């Protein structure tokens, strides 16, 4: 059974890795109609027919660009980025990183939108490690020229967008450009404050080939790993462990006794569920390590507690020599301890799974309804067995009461008969 579980884990992870490799270089995902009606985009198309446009993978952002080489062997890049920033306050950022596809080290253009301001402000910024740790973000010069920057809050098409012309030195490779984008909703004066720590913000980076439009989506790798993490934990901890509890509760003695088959099935569900859940938990730790600036504390702490509790439970199942016998005086305390951990897990596991699903918004509807369906199915099974349990219990109690009443009547009748038999000889003696 353990070998089967390990094979299953290997197949799931292999398929996920294959899908990551296949999707690592994604073709252009065209922009939608609203973005194409922006005036700046029309002007870019009029300038050259090589303008390309694509939907970015997160934050509802869309991106258009064209470029050409200058006489000094530099690259003149025209960019247009926009998103649905419908709040009265917020900011939109786009930048490129000469080293890696990440936020730290990015040379960024950030446009800030505040109430009662006719034209949003825009500046260039160097994003350093100190900024991610909470230091103030101040405008600064960057290592390439930025020209003709305009910012528009176009309420007609519902887009807040930035257009700019960049002159890039040779160190920036147009066939493998690390570009990053962000959206935030908190502003202090004209200073952009920290954006949300959501998965969409974490995934807003990719490596783009300006010539072909193909991209290597860094966030796509994490999304595939999150899917494997979620599937393993929902199947292992969220489904198999509760099934093991149901088997132990309803098939051990009452209402249906399947001894010793119940124990083997209970053991199998717990061990396989533990293996799958632990694999998903380890993958979650890896994802957390990869995004150290974005830690989801409650989800992480609950995951560690679940792993600890399930480890204790499975250790008790595997370590037969430490399990008290039925006659042992400590068996009662062992049962209380074992049942407490089991029912605590039944509460913590769904809570943490829902916390994980919530992190996936806005792409979490399928996950939510799938797990809702699993819980409803398990709940219906438990309710059916509870009804059967109470029906059998009340029936047996009623039968027992009827039998006891019948015995009492029989005993009373026997006593009366013995009394009558004992008094008859005395009456005969008196008559004589």
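Any Cβ shown, glycine's included, is placed from N, Cα and C.
The domain 'DOMON' annotation in TrEMBL covers 59-184. DSSP places the residues of the domain 'DOMON' (59-184) in helix, strand and coil in these numbers: 4 helix, 66 strand, 56 coil.
Per-residue pLDDT, averaged over the domain 'Cytochrome b561' (191-394), rounds to 82. The domain 'Cytochrome b561' feature in TrEMBL is assigned to 191-394.
According to TrEMBL, the feature region 'Disordered' maps to 410-432.
As annotated by TrEMBL, signal peptide applies to 1-24.
Annotated transmembrane segment per TrEMBL: 230-251 (among others), in sequence order.
Under the heading transmembrane segment, TrEMBL lists 271-289 (among others).
The transmembrane segment annotation in TrEMBL covers 301-320 (among others).
Annotated transmembrane segment per TrEMBL: 340-357 (among others), in sequence order. Below 8 angstroms of C-beta separation, residues 229-230, 233-234, 237-238, 241-242, 245, 296, 298-299, 302-303, 305-306, 309-310, 312-313, 364, 367-368, 371, 375 of the same chain, each at least six residues beyond the ends of the transmembrane segment (340-357), sit close to that stretch.
Same-chain residues lying 6 or more positions outside the transmembrane segment (369-395) and placing a CB less than 8 Å from one of its CB atoms are 234, 238-239, 242-243, 246, 249-250, 254-256, 350, 353-354, 357. According to TrEMBL, the feature transmembrane segment maps to 369-395 (among others).
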